[in-house]
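Asks: Structure incoming, see below.
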Amino acid sequence: MNTLTFIFYFFMLTAAASATGILLSRNVFKAALMLLVCLLSIAALYVLSFAEFVAITQILVYAGGVLVVIIFGIMLTSKLSGKPLQVGHTNIFAAVLSGILLFALLANFITDDVFAVPQHAVETQGALQTIGTNFMTAYSLPFEIAGILLLAALIGAAAITSFMKSKKV
Amino acid sequence: MMPSLQHLLYLAAFLFCTGLAVVMVKRNTIMMLLGIELMLNASNLNLVAFNRLYPASLDGQMFALFVIIVAVCEAAVGLAIVLRVYQHYQTSVPDEISELKG
């Protein structure tokens with residue numbers, strides 16, 4: 001087992017363990033921090049899977065953006081009531097059962113050897129350049145639609161929250 | 001050698017099932033959003049992992065980038081709605097938000 005394989009399995013274990021921690025934790029803030037650990041280890045797995053640009057986007061957008069927004073949300077929804085951030089659990093049996101069944105179903109398909117990786121060396125020369133060219137040529141329409149979607153989501157989120165004080169609670 | 005594709009797929013399946021269980025178990029809307037983010041990341045991990053099968057095309061990575069974009073929009077609008085609902089009902093437990101009258 002060389003160093004690369006060890007790093008790969010280490011980050012896989014970290015991601016799985018932090019996801020399990022989210023499931024078991026009753027504290028929302030600790031769960032958000034464990035989601036941060038999970039997202040960062042998934043970004044490391046992207047790097048090890050020859051997807052550097054996706055990894056950088058994951059770190060910038062998820063770890064830098066979404067997690068900050070989520071932590072803001074946690075702080076805003078706990079400040080008003082003053083209650084501790086404890087979360088109750090319901091439907092434990094149904095959730096565990098459906099999770100295990102879905103995992104068994106997926107593992108049943110994964111175990112079949114239809115997904116064999118070709119063992120030749122992966123050519124990664126100019127992956128970033130290829131992604132940039134793809135955005136401007138083959139994926140230009142989804143790229144523009146994504147821009148419109150981001151603008152609509154930005155305006156919508158600002159409009160939804162800007163009426164906060166106008167209506168009596 | 002690198003670990004095989006199967007191990008990444010097992011991890012993605014595990015993350016997806018954990019996210020599903022989080023969405024079902026937790027009695028808090030923000031925790032449910034965390035579970036949804038976990039499921040989206042599991043699908044992204046699958047896309048990037050399958051891109052290793054066809055390293056010349058990079059289609060999986062492109063799709064993963066678009067999934068990240070849509071996930072950001074979902075998180076922003078979802079948290080805005082959560083804040084608004086919290087302001088109105090003084091609770092973030094989805095079972096207690098049961099009346100339609102504004």
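Even glycines carry a Cβ here, placed using N, Cα and C.
From TrEMBL, here are the annotated features:
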TRANSMEM  A:6-24  transmembrane segment
TRANSMEM  A:31-53  transmembrane segment
TRANSMEM  A:59-78  transmembrane segment
TRANSMEM  A:90-110  transmembrane segment
TRANSMEM  A:145-164  transmembrane segment
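Relative to the rest of the structure, where do these features sit?
Replies: Among residues of the same chain six or more beyond the transmembrane segment (A:90-110), none has a C-beta under 8 A of the stretch's C-beta atoms.
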Asks: Grab the same-chain neighbours of the transmembrane segment (A:6-24) for me: Cβ-Cβ under 8 Å, and only residues 6 or more beyond its ends, written as numbers and ranges.
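Replies: Hits for the transmembrane segment (A:6-24): 30-31, 34-35, 37-38, 41-42, 44-45, 48.
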Asks: When you scan the chain for residues with a C-beta under 8 Å from the transmembrane segment (A:59-78), skipping those not six or more beyond its ends, what do you find?
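Replies: Apart from its flanks, the transmembrane segment (A:59-78) reaches 28-29, 32, 35-36, 39-40, 43, 84-85.
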